[in-house]
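> For reference, the structure I am asking about is given below.
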Amino acid sequence: MSTSTSTSASTAGGVGAQAGRPPGTGPGPAVTSWAVALLLLAALPLSAAFDSPLVLGPLAGAVVVPFAVVALARRLRLPAWAAASATLSLVLVVGASFARSASPALTGTGAGTGMTTVAAWRTTPFGEAAGPVVDAVARLLTAPRPAPVEHVVPVAMLTAVVALAVALAVARGSRARLAPLVGAVVLYGAAQLLTAGAADAGPVAAACVVVAAAGWLLLDGEAVRRGTPEAVLGRAAPGSRVRWRAGGVAGLVVVALVGAAGAGAATAVRGAPYEPREHVTPPRVPMSAAHPVAELARWHAEPDVPLLRVRGQHPGYLSWVTLPDFDGARWAAHLDLRPVGAVVEPALPPGAARGEARAEVELLGLAGASGPPGVWLPSVGHPVSTTAPGALSDADTGVLALAGPDARLPEGLVYELRAHVDVSDVGHAAAAGVPAGEEVARYLELPRLPADLRAYAQAVVEGAPSRLEQAMLLAEEVRTGRELAHDAVSGSSYARVRELLFAEAADGGQVGTSEQFTTAFAVLGRAVGLPTRVVLGFEVPPAEGEEPVVVHGADARMWAEVYFAGPGWVRFDPTPGAATATGLAPDLAAQQVGDVPQDGEDGPAQDLDPAEGGADEDPEASGAPLDESAPGAAGRWAGALAALLGVALLAVPAGLAVARAGRRRRLRTAGVVGAWQHVADAMLLRQGLPAPSRTAPRIADDVARLVDSATGAAAATLARAAEAAAFAPGPASPEGSTWSQAAQVSRALRRSAPWRRRITWWVDPRPLRRR
Amino acid sequence: MTAADDQTIAAFRVLHGRVVDAVEHAVHGKRPVVELVVAALFSGGHVLLEDVPGTGKTTLARALAAALGGTSRRIQFTPDLLPADVTGTTVLDPATGQVAFRPGPVFTHVLLADEINRAAAKTQSSMLEVMAERQVTADGVAHPVPEPFLVVATQNPVDLDGTYRLPEAQLDRFLVRVSLGYPDVEHELEVLRPGTAAGDVRQVPAVTTPQEVAGFRQALTAVHVADPLLRYVRALGEATRTDARTRLGASTRALRALVGAAQVRAASEGRHYVVPSDVQRLAHAVLDHRVVLTREAVLEGLSTTDVVAAALEGVDVPRPAAA
């Protein structure tokens, strides 16, 4: 037999404690550490929104500093509002300072957009102070994803504010266990929103659930609630400690259920996640690009001039300028350039199956004073990130360009590029239709198209069972019997196309440049309703291992692209002798072409599961590496997590029940003190932890109040006997049937308990941690 | 220390009941206060009765002296009272031509120090030695007071004009500070009824002797106090010391007095061991007057009772627990 001797919760007064009220006990290191750990864990996924792990530093500071300020305020006995005001001021000042220093990269490039209208409030002192913070939010939401680390300011400020609220709640003790959970949910939710669900595939969420459950399970609920109710922070007495003991099993169950529900929801969500950036219009820089056809002729005239050096994974080609607009005489591009990676959906959706290209490009002859005019950077597909400073891209065409006053690319520029590339096989493209509507009108425009060209195109595709076959027939028709001549007369007009297609060889027909073959294909395609555009770019020779390859002038190409609903943009090279006639996987004949969907409808390929698509089946054929971050992986993670939680939900109660039974056996052999402990356990389960000043006889009084006077009298007898055994010298007196008496009291207490407590009565872990 | 035997405890319980009953014969309806005063008597402490005039402070002190069966003296403290008027003085005996010590009124079993805060600080301090050491030193000669020796001092907390606040050192000498307060309706009507014995100290019987009290004082020190309880008492004292609202917390002497009073209370209930509720019930009476608040706490209207209550509420009480 022994007696508890804790002097832990000795209290000290707070400066603002009111008369007649007990002074508060500070939250203690255990609760604070748990709250900080949970918030740090929940803030971890926020770093996925940025391109550098250095962002973890500011985020960790944003969590820790508010707790430190609040702790300092407690020590100095400052009121809560003062601590909150000081921290908020600190956050605002530091945040505004950093936001001001991290000036937007596009400020200097927005001249083309015209005058900027400044809201009236921005001219006020408050606007001047808080304006950079507001701008920082907009910059973050319009920045590439992952965003550069300088955009961390609003995220760090949000983290700090959440941490401050949690720290204050923990210090007050009123919501010491709930507040960290809420704060963690806010931070984790913000991370998922900021990254459109890509911040965490499950492990961090699982860790959060574990840490949260551990806190709910182990932290002494009464101890953390014993904080001062006033708005003045309490101060823990020197030497005091917060005990770790069993918390509410209800809280554990809640945490577990929330975790299981979250995992289930993650499993269920397979569509596109909510994307807050869609509601923000990124800054844009309009730019027009004319067909740099002269450069194509020049490069072919100097075939050995090195233009680029390329290393990495790429589909075998790089585009330079994509030209979607045709006015009957020449190709052009009207571009809306935005920061690379900004979330802007193109007018036509990308292909259902996509690959990812990662390459390092070094500009050689393409840049500098001897290079061609223009600021377009070799790229591919839809760029999502690049290290080229100040690079912008157009969402519809994927054109990558440098913003700035210079009309030429800087010599020796080396940049890394990551881009998404549409990947599709012939089967999917053969079953796909083409879209209709305003979005696609740009790619079908043929002003003043000569009737003979339209009739020629329709004649070529007559009888073709699918849109893909129409395109391939047109390409074959353009290419067959004609000759490529780089020194042929240039031009992209209808007249030049007609000359290529219809004139006799003696009259200058049947011979053309790459530009003219491509234009002919694109025009004929548009004439039969195929959305087309032309691209000036480079074939990249195969590399040997990891060695970089040099792209020369002879590798410059021009090709066309056709848009299919589902597969997206598909390359076609109608030039005679082209190495690759189409970007599709070959062997059309082997495909079983099904019903051809009507134009304006999405083909079945658009509904393809990427896991079953061609990209997964044959990555080599597509020329692009696989995108391994398919949604199925996240689903499997979440499913495994849900299963794990389910097992835990069953195993934990079973283990607790066994442990509780073992405790009862031990108490039964501990004489009258054990019998009283059994009653005390029942009281703990019935109404929670008793106040620290409650003696055993007074707890017995509570039994009488909760059940009836007879049961209370039995409990009082046990309490007195237990006190005698605990505090009197010498051996205890004979105890008789104390255990049966204790068991009766315990049963009576359980009967008087609400049904929720009765359900968890035998598995509630709180008695296991009791002193 | 050997444990108090059951016979001693049983005998004390009977005696305690007799003394309390005898005092209550004159002081109606204040049994808890009477029990505190009697506990002070048997634990060797002194009592500070603090209340407004006319609530029975003097009656209580005189009734206790009567029940004790020993001698009792009364000193009406006034500003011109000198220390020698309290402790005694050395005078020249003309008959013998020798210098002899003439004992003052403190040489008694029960000393009623009425309105002690009206005396000057010098006179109040003259009580320090006799209250703590139970002796008076004059011309280098120690003159012990009779045993048991109990000082029952009274002071009026309302009429403070012309008073001198008791120094902390002297307050610490008082085991308990109690307040009688007005009686409830039933007992006040009893007091008002003509011919009642209430307030008539002459009818209080002597139920014990000074020698018997002195004997029990010694025996009760053997009442067992378990280590967890000693640690509990110390934690209470520590809580009052670390409370930011206090300038001075409970002293070690105060905590020792609390333990002694708890022993008496345990024995008065027939137990030869102390339980936590003994400590809790005596904590306010023993500790309240020994705690000194900060100036800010006083301005906020707080009292030392709040501090001790917070300590009682915040410190974990030891409970029986299986290992």
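Residue numbering: from 1, along the chain as shown.
Even glycines carry a Cβ here, placed using N, Cα and C.
TrEMBL labels come from automatic prediction, so no person has curated them.
Feature list, courtesy of TrEMBL:
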- A:1-22: compositional bias 'Low complexity' (COMPBIAS)
- A:506-576: domain 'Transglutaminase-like' (DOMAIN)
- A:1-26: region 'Disordered' (REGION)
- A:594-631: region 'Disordered' (REGION)
- A:31-50: transmembrane segment (TRANSMEM)
- A:56-73: transmembrane segment (TRANSMEM)
- A:80-99: transmembrane segment (TRANSMEM)
- A:151-171: transmembrane segment (TRANSMEM)
- A:178-195: transmembrane segment (TRANSMEM)
- A:201-219: transmembrane segment (TRANSMEM)
- A:249-269: transmembrane segment (TRANSMEM)
- A:637-659: transmembrane segment (TRANSMEM)
> On the DSSP side of things, how many residues of the domain 'Transglutaminase-like' (A:506-576) fall into helix, strand and coil, could you say?
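Once the DSSP states are binned, the domain 'Transglutaminase-like' (A:506-576) shows 19 helix, 28 strand, 24 coil.
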> Could you pull out which residues elsewhere in the chain have a CB under 8 Å from any CB of the transmembrane segment (A:56-73), counting only those six or more residues past its ends?
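Distant contacts of the transmembrane segment (A:56-73): 32, 35-36, 39-40, 43-44, 46-47, 79-80, 82-83, 86-87, 90-91, 152, 155-157, 159-160, 163-164, 166-168, 171, 233.
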> Can you say which of A:31-50, A:178-195, A:201-219 has the most Cβ pairs under 8 Å with the transmembrane segment (A:637-659)?
A:201-219
> In terms of Cβ proximity under 8 Å, which residues at least six beyond the ends of the transmembrane segment (A:178-195) contact it?
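Cβ under 8 Å, 6 or more out: 34-35, 38-39, 41-46, 48-49, 140, 145, 155, 158-159, 162-163, 165-166, 169-170, 204-205, 208, 212, 215, 255, 273-274, 276.
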> How about long-range neighbours of the transmembrane segment (A:31-50): same chain, 6 or more residues beyond its ends, C-beta under 8 Å?
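Distant contacts of the transmembrane segment (A:31-50): 56, 59-60, 62-64, 67, 71, 145-149, 151-152, 155, 159, 162-163, 166-167, 170, 176-177, 179-181, 183-188, 190-192, 194-195, 198-200, 204, 207-208, 211-212, 214-215, 219, 223-224, 242.
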